[in-house]
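Down below is the structure, laid out as structure tokens.
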Amino acid sequence: MTPRGGEGVRPHDRPREQHPESGGTPGPRRPWLRWLPLLILAALSVGILASGGAHLLDLDRLSESRVWLQTLIAEDRIRAIALACLVYVGSVVVSLPATLVLTVLAGLLFGPVTGALMAIGSSTTGAAIVFSVGRYAAGDLIRRKAGPRIGRFAEGFRRDGFGYILILRLLPIFPYWITNVAPAAFGVRLRTFALATLVGLTPGAFIYAGLGAGLEDLLATRDAAKAACLADGGTDCSKSIDLRALVTPGMVAALAALAGFALLTVYLRRRLERRTLRA
């Protein structure tokens, strides 16, 4: 049946098709706006590193101020915890390489349990923020431009995102910001990402916060040696703290074993899925 006058439906009268990739909604008129949040975070990170602001989170500098920090904590512990968590979240959001130092410092100032819980909560919150920004900014583009290898990697994330993220958290072989943005681009859900991040960060957080809690004796020894050096007329009496000397092979082996267990779980789950499909 045709409209009055015997004319068919004109091409410009037909409803426009919506692209499935956009979810039925037209894309932004200015695509670069999607990249703006990610560019702002990158600019902040570069600016802080270039200006030397990251040195404010240096363990040597902070340890020298620990008496003053401990006094502030004693005056208002709740407010101090909130402020420390904000600093931690901010450092994760702008991708400063300070999470290990802040975790050790949290253990030193607040104790091993409280310090570890602060590190876990703050790091997970900051990672979730970066994940959300990355998904909004670059998720669609990376999925469209992904080659065969990246496509297979993305498929693995979609099938078992929890296991993959858990392995990356237990065994941090990639920069932290990459492990925050990549799962977002590969279609992992925020809930899955946050839970895997929280579980994966827990062992390391308790290990490093425990190191921080036991750092007081080492710092006291260092301060006494510095005072003796100055009393003898020394000029170069400062000694830096090497966190790598505190990390034992046993700690690394424990984290590697946990990561291996998570990898084995992913492998066994895939084998079970394949057998189920064959049956």
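The backbone N, Cα and C atoms fix where each Cβ goes, glycine too.
What TrEMBL says about this protein:
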- 7-20: compositional bias 'Basic and acidic residues' (COMPBIAS)
- 99-213: domain 'VTT' (DOMAIN)
- 1-28: region 'Disordered' (REGION)
- 35-59: transmembrane segment (TRANSMEM)
- 80-110: transmembrane segment (TRANSMEM)
- 116-138: transmembrane segment (TRANSMEM)
- 159-178: transmembrane segment (TRANSMEM)
- 246-268: transmembrane segment (TRANSMEM)
Mean of pLDDT values spanning the domain 'VTT' (99-213): 83
Other parts of the chain folded back onto the transmembrane segment (159-178), taken as Cβ under 8 Å at six or more residues beyond its ends: 92, 95, 97, 99, 127, 130, 186, 188-189, 192-193, 195-197, 199-201, 203-204, 255-256, 258-259, 262-263, 265-266, 269-270
Helix, strand and coil totals (DSSP H, G, I; E, B; other) for the domain 'VTT' (99-213): 102 helix, 0 strand, 13 coil
